[in-house]
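First comes the structure, then the notes that go with it.
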There are 2 protein chains.
Amino acid sequence: MGVNYPKGQAYFKNETTYSKKQDLATIKKGKFANRGMVFEEAINQSNQYFLDRQIAVIHKKPTPVQIVKVDYPNRSAAVIKEAYFTQPSTTDYNGVYQGYYIDFEAKATKNKTSFPLNNFHEHQIEHMRSCVKQQGICFVLVWFSSLKRCFFLEASLLLELWDNQEKLKRKSIPLTIFESSTYEINLGIAPQIPYLEAVDKYILKLKEHING
Amino acid sequence: MGVNYPKGQAYFKNETTYSKKQDLATIKKGKFANRGMVFEEAINQSNQYFLDRQIAVIHKKPTPVQIVKVDYPNRSAAVIKEAYFTQPSTTDYNGVYQGYYIDFEAKATKNKTSFPLNNFHEHQIEHMRSCVKQQGICFVLVWFSSLKRCFFLEASLLLELWDNQEKLKRKSIPLTIFESSTYEINLGIAPQIPYLEAVDKYILKLKEHING
């Protein structure tokens, strides 16, 4: 390999565990934002479970950083000395499941009655719109941390709500819509977030839609 | 947004343009490794072309780094002061095209008669193996820089050659195999690497294989 990766005292326990969003939240607050973090860890554990059992290959993308300065203390180790967080241009997770392209974002809220739409950035919305057009299986896993409830929100419904914010005079998605129009995911142990069950239901719905 | 992303004097012109592999090569040599870089820029340009025209949604993954130390000079900017390059656990590019999961690695060689298999790491091979099992469209774009020729090498053939290195007594893939058993990609201007044409041929071959 020729290059060593010093462990050091990691500020973030594991690079792959925390999203850019969380990183920024963490940095701004100067502490870990527990709410979303625990949810992300549960998703990562679930993805590892799926990977180990050859059920699906789904990974969290690395946090994008712009590297400005790198030091070479010796031939075998490079240390990044100056870098900045940059805006991700896609969602956090993607991969493949039984030939289907899987693409999703994980979002958590403390709210008990609705999910604020300002949790999304325009570029994430546009990415999801593009993925849906390419027939990807695109969705958001929404975690109501106070309620300990998790929902599979298909991107097409999110896009509909996003595009009609003005008309609907609504800047958030009420819990009632989650209850009526999304798939609730019952938490487990292995995997902690068995979201592929919701993906299966969604794929079935898409097929019925095409055939019927 | 609340967070500024200072431009600074970028060591890397554009974070998304250079792969981790290249970064390391760059760092070790103390200069840009032009060969692979130009090829990657051409792929990124092609992906942007496909994205802009809603032909496909394929992105290069960010370079994975382990963040060890972050400074907060003020409320709105975070500066990463210590970080290390980490081993990527997947290939560099993935996305969706007409419902198909696309996953590939880009590799360049100066060699004129063969492509050395040590260009691949075990984890990349294992990732490709997993993707193939999940029916993803998985391949390597190989660039013979001295010959200015580009080939679409399907992962299943690569895996066959990789797994039989001992038996075949061969640590590289001869150019003749590329000429006989892969799709050559004729370079263009927009897109520079029209690799989706090869993807189309490959999908057609897979369908014929299933039906026949």
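Cβ from N, Cα, C; glycine included.
What TrEMBL says about a protein is an automatic prediction, not a curated fact.
Feature annotations, courtesy of TrEMBL:
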| type | residues | note |
| --- | --- | --- |
| BINDING | B:THR90, B:ASP92, B:GLU105, B:GLN124 | Mg(2+) binding site |
| SITE | B:LYS107 | site 'Transition state stabilizer' |
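Locations of recorded TrEMBL features on the structure.
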residue  : record              : DSSP (3 states)
B:THR90  : Mg(2+) binding site : coil
B:GLU105 : Mg(2+) binding site : strand
B:GLN124 : Mg(2+) binding site : helix
Extra residues within 8 Å (Cβ to Cβ centroid of B:THR90, B:ASP92, B:GLU105, B:GLN124), Mg(2+): B:PRO88, B:THR91, B:TYR93, B:ASP103, B:PHE104, B:HIS127, B:MET128
Distance from B:LYS107 (site 'Transition state stabilizer') back to B:THR90 (Mg(2+) binding site), taken between C-alpha atoms, in Å: 14
Cβ neighbours within the same chain of B:LYS107 (site 'Transition state stabilizer') - under 8 Å, at least six residues apart: B:GLY36, B:PHE115, B:ASN119, B:PHE120, B:VAL140, B:LEU141, B:VAL142, B:TRP143
Other CB atoms within 10 A, centred on B:ASP92 (Mg(2+) binding site): 21
In the chain carrying B:GLU105 (Mg(2+) binding site), residues 6 or more apart in sequence that have Cβ under 8 angstroms from it: B:THR91, B:ASP92, B:TYR93, B:PHE120, B:GLN124, B:MET128, B:VAL140, B:LEU141
Within reach of chain A, those recorded positions of B:THR90, B:ASP92, B:GLU105, B:LYS107, B:GLN124, CB-CB under 8 Å: B:THR90
Packing count at B:THR90 (Mg(2+) binding site) (other Cβ atoms within 10 Å of its Cβ): 22
